[in-house]
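Engineer: So TrEMBL says this about it:
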- 6-27: transmembrane segment (TRANSMEM)
- 39-56: transmembrane segment (TRANSMEM)
- 76-94: transmembrane segment (TRANSMEM)
- 114-133: transmembrane segment (TRANSMEM)
- 145-171: transmembrane segment (TRANSMEM)
- 204-224: transmembrane segment (TRANSMEM)
- 316-336: transmembrane segment (TRANSMEM)
Amino acid sequence: MASNCASLIVSGLNIFFILLPSTKGTLPKSHFLVQKVSCWSFLLITVVMAPLTILIKDDIFCKVPLIHRVVYDCSVMVLFATNIYLSFLSIYKMKELAKLLQHISKNIYMSTDFLMHFSIFVLLHLVNTLLILCNQLQRTQDLRYQLTTIFVDGYLTFRLILALFMIFLMLSDIRKKWQNLNGNLTKQETVQKFQYHHNQLCDYVMHLNVLFGMVFLLIIFYFITASLRHAVFVSVSTQTSVTTVRCLWIVSYTLQIAYLANAGEKITSEAQCTVAICYKRLSKVRHEKWVWLAQQAYMRTPKISAAGFFNVDNSMILFMATTFLTYFIVVVQLLVK
């Protein structure tokens, strides 16, 4: 089941041009040429569509307050920046991404609960996307505005969700491997192989931070700006359907951020648990190798980082909540004035 899920995920990622497949050498060169051309083409389309989305508005949208339009444009620009960065990542970091992808496809750890939880996230996102697209497309006959709406609220957001799904799988893989490491560490006396596996896991987290640190940062800021955009819509809208759809979007973003923060927190907790196990063993068996392992575990306690700006753990939820509430209060005050 895990291998089938991994294959399905890889196929989905390739369709949305997030990264190239990790099976280079087994497929014809023309396949990879098509993939690279697709990546560059999508990048070009995204760069062209970014200013058009800001410029093209329907008559109804042009009548809303300026601050409302500014919030919407900021959210869209962060979404474009995230997708552009993902495109550059898939083009220039193909080998590094392939190595990380191999961890998922070969040693994937996905519990039934994890698949069920994220299936709910994806389903909620798809339902929200369909509802908001229908709502937006029904209110105007402007074909240009309809196309930009489909591109932004449909394709780009779903591509971002797929990237986040891949990150969730990697975080789940790391946490499960660390749990196995700690479980074996409490049962066995030899530590040399555990030093090797511990270093491998630390390097795994380090590579994840290097490749996806900026993605974490952009996704988090997108969720803040998008939630702010929908909250502003709710505050000024009088239609029940619009309010319901926007609230569902906010709930969806909140659940995904909470899941991401919890995944990062669990990895840090498992790393700290390794340190605790080592020092407990030292109190019983005073061996030089255990001292080395304890020092290594203490010095290398990895954390998921958003490009060095902050750690992806439970403390991030408070940061996002305060940021969202601060800007929401400011925007509402400007709307009242």
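Here the Cβ of each residue, glycine as well, is placed from N, Cα and C on the backbone.
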Engineer: List, by number or range, the same-chain residues at least 6 past the transmembrane segment (316-336) whose CB is under 8 A from its CB atoms?
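Structural biologist: Residues packing against the transmembrane segment (316-336) from afar: 65, 67-68, 71, 220, 223-224, 227-228, 231-232, 235-236, 257-258, 260-261, 264, 306, 310.
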Engineer: Please indicate, using numbers and ranges, the residues of the same chain that are 6 or more beyond the transmembrane segment (76-94) and have a C-beta under 8 Å from a C-beta there.
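Structural biologist: Same-chain contacts beyond the flanks: 17-20, 36, 39-40, 42-43, 46-47, 49-50, 53-54, 152, 156-157, 159-160, 163, 211, 214-215, 218-219, 221-222, 225-226.
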